[in-house]
Amino acid sequence: MLPNTGRLAGCTVFITGASRGIGKAIALKAAKDGANIVIAAKTAQPHPKLLGTIYTAAEEIEAVGGKALPCIVDVRDEQQISAAVEKAIKKFGGIDILVNNASAISLTNTLDTPTKRLDLMMNVNTRGTYLASKACIPYLKKSKVAHILNISPPLNLNPVWFKQHCAYTIAKYGMSMYVLGMAEEFKGEIAVNALWPKTAIHTAAMDMLGGPGIESQCRKVDIIADAAYSIFQKPKSFTGNFVIDENILKEEGIENFDVYAIKPGHPLQPDFFLDEYPEAVSKKVESTGAVPEFKEEKLQLQPKPRSGAVEETFRIVKDSLSDDVVKATQAIYLFELSGEDGGTWFLDLKSKGGNVGYGEPSDQADVVMSMTTDDFVKMFSGKLKPTMAFMSGKLKIKGNMALAIKLEKLMNQMNARL
């Protein structure tokens with residue numbers, strides 16, 4: 001990992017969304033130098049599912065040598081941002097670094113993204129970044145080490161990611177486009193850059209999106225913190241860059257990236273905003289004996305499932321059912337399959353003993369999954385992770401996401417038989 005140099009001692013770092021996850025990790029890294037940290041986040045009271053508040057983060061920051069100023073800030077509220085900036089100036093005398101980390105996410109396609117969710121992503125990601133930047137810039141311009149760092153992806157017009165997550169992509173790209181504009185607008189005064197991970201990062205949000213077991217495919221938040229720390233030490237002339245965490249750390253001389261892995265040696269889930277991963281990551285994944293299902297369609301030369309593969313899969317699923325499985329799951333799944341051997345199938349894990357069949361279930365489905373027959377067979381045979389299928393757009397899910405995650409556990413039990 002990247003060692004601390006002490007160069008941020010006395011600097012004031014204003015971080016949105018710093019009560020947990022990536023934001024807190026960046027805060028702790030800077031705090032080890034003796035930096036002042038403004039924790040600008042919403043969570044003042046403990047959340048039932050997400051650990052950490054602005055006050056617990058402040059305790060951790062001060063425990064490693066930093067000074068903390070916890071501020072209740074919803075980045076959608078301009079007055080709350082302004083109030084936090086004023087408190088920071090009053091307590092620390094200035095602001096040297098702004099990290100726009102707060103973000104809202106919904107991995108849904110256009111028709112499945114409610115307007116309320118669209119507004120949330122636009123207001124937190126795009127508008128919130130603008131408001132925080134605007135409030136801090138007058139003070140950043142007075143700093144000798146002024147930086148704005150947006151946690152946002154490089155601009156990539158490949159439609160692969162836009163296709164299934166258009167609203168989220170636009171909201172994040174808004175953050176990235178501020179880098180283009182502000183880097184030029186404040187050239188020579190403030191360095192403005194973006195930082196994004198090469199692979200999935202393990203956070204509470206990733207657990208909610210990916211479900212149990214996703215952490216083994218992720219890196220720790222420490223890699224983003226180290227990459228951000230590297231950027232903070234660069235001169236103002238380093239501006240307008242879209243930095244990938246692994247790349248900048250290689251420039252710092254880091255060679256062993258297993259130290260950042262949750263499960264060293266396990267294949268990592270690549271980030272889909274990037275085009276660079278297919279060949280390099282495929283080779284690494286294949287070397288472990290796994291199947292690199294994240295490849296682009298044009299790179300996939302997988303054979304079609306044999307005739308009747310779907311029916312055979314459901315037969316094996318049915319043989320695997322039991323009262324214990326039904327009791328543990330309590331859900332009805334509907335599969336809308338396209339392609340060869342396509343059609344509508346159901347998996348009833350509510351009725352005694354469970355049941356499968358072709359057509360509609362007798363009761364309303366709790367979860368509807370849409371995919372090709374090829375991908376259905378691969379999922380149930382363990383060659384395609386449901387999380388990867390969902391995030392790459394191969395799998396569409398409607399209904400109860402918690403019950404969808406339960407099905408993944410059942411799939412894991414059946415893999416050996418399929």
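Backbone N, Cα and C define each Cβ position, glycine as well.
On a predicted model such as this, the values are computed, not experimentally measured, just so you know.
The feature active site, proton acceptor is assigned by Swiss-Prot to Tyr168, with sequence analysis given as support. Feature annotation from Swiss-Prot assigns NADP(+) binding site to Gly17, Ala18, Ser19, Arg20, Gly21, Ile22, Gly23, Lys42, Asp74, Lys172; the stated evidence is experimental evidence. Per Swiss-Prot, domain 'SCP2' is recorded for 306-415. The N6-(2-hydroxyisobutyryl)lysine annotation in Swiss-Prot covers Lys42. Taken from Swiss-Prot, the feature N6-acetyllysine applies to Lys116, supported by similarity to another entry. Residues or ranges marked as N6-succinyllysine in Swiss-Prot: Lys318.
Structure coloured by features recorded in Swiss-Prot.
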residue : record                         : CB count, 10 Å
Gly17   : NADP(+) binding site           : 26
Ser19   : NADP(+) binding site           : 26
Gly21   : NADP(+) binding site           : 22
Gly23   : NADP(+) binding site           : 30
Lys42   : N6-(2-hydroxyisobutyryl)lysine : 20
Asp74   : NADP(+) binding site           : 17
Lys116  : N6-acetyllysine                : 7
Tyr168  : active site, proton acceptor   : 22
Lys318  : N6-succinyllysine              : 14
(request) Consider the binding-site residues Gly17, Gly21, Asp74 and say which one has the Cα lying nearest the Cα of Lys42 (N6-(2-hydroxyisobutyryl)lysine). (result) Asp74
(request) Consider the recorded positions Gly17, Ser19, Gly21, Gly23, Tyr168 and say which one has the Cα lying nearest the Cα of Lys318 (N6-succinyllysine). (result) Tyr168
(message) Between the Cα atoms of Gly23 (NADP(+) binding site) and the residue listed as 'active site, proton acceptor', what distance do you get, rounded to the nearest Å?
(response) 19
(message) Nearest by CA distance to Lys116 (N6-acetyllysine): which of the recorded positions is it, out of Gly17, Ser19, Gly21, Asp74, Tyr168?
(response) Tyr168
(request) Please spell out the DSSP helix, strand and coil residue counts for the domain 'SCP2' (306-415). (result) 47 helix, 29 strand, 34 coil
(request) State the mean pLDDT for the domain 'SCP2' (306-415). (result) 84
(message) Roughly how many Å lie between the Cα atoms of Asp74 (NADP(+) binding site) and the residue listed as 'active site, proton acceptor', rounded to a whole value?
(response) 19
(message) Tell me the Cα distance separating the residue listed as 'active site, proton acceptor' from Ser19 (NADP(+) binding site), rounded to the nearest angstrom.
(response) 22
(message) Using the alpha carbons only, what distance in Å do you get between Tyr168 (active site, proton acceptor) and Gly21 (NADP(+) binding site) once rounded?
(response) 19
(request) State the three-class DSSP label for Gly17 (NADP(+) binding site), counting H, G and I as helix, E and B as strand, and everything else as coil. (result) coil
(request) May I ask you to report the DSSP-based helix, strand or coil state of Gly23 (NADP(+) binding site)? (result) helix
(message) Please report the three-state DSSP label of the residue listed as 'active site, proton acceptor'.
(response) helix
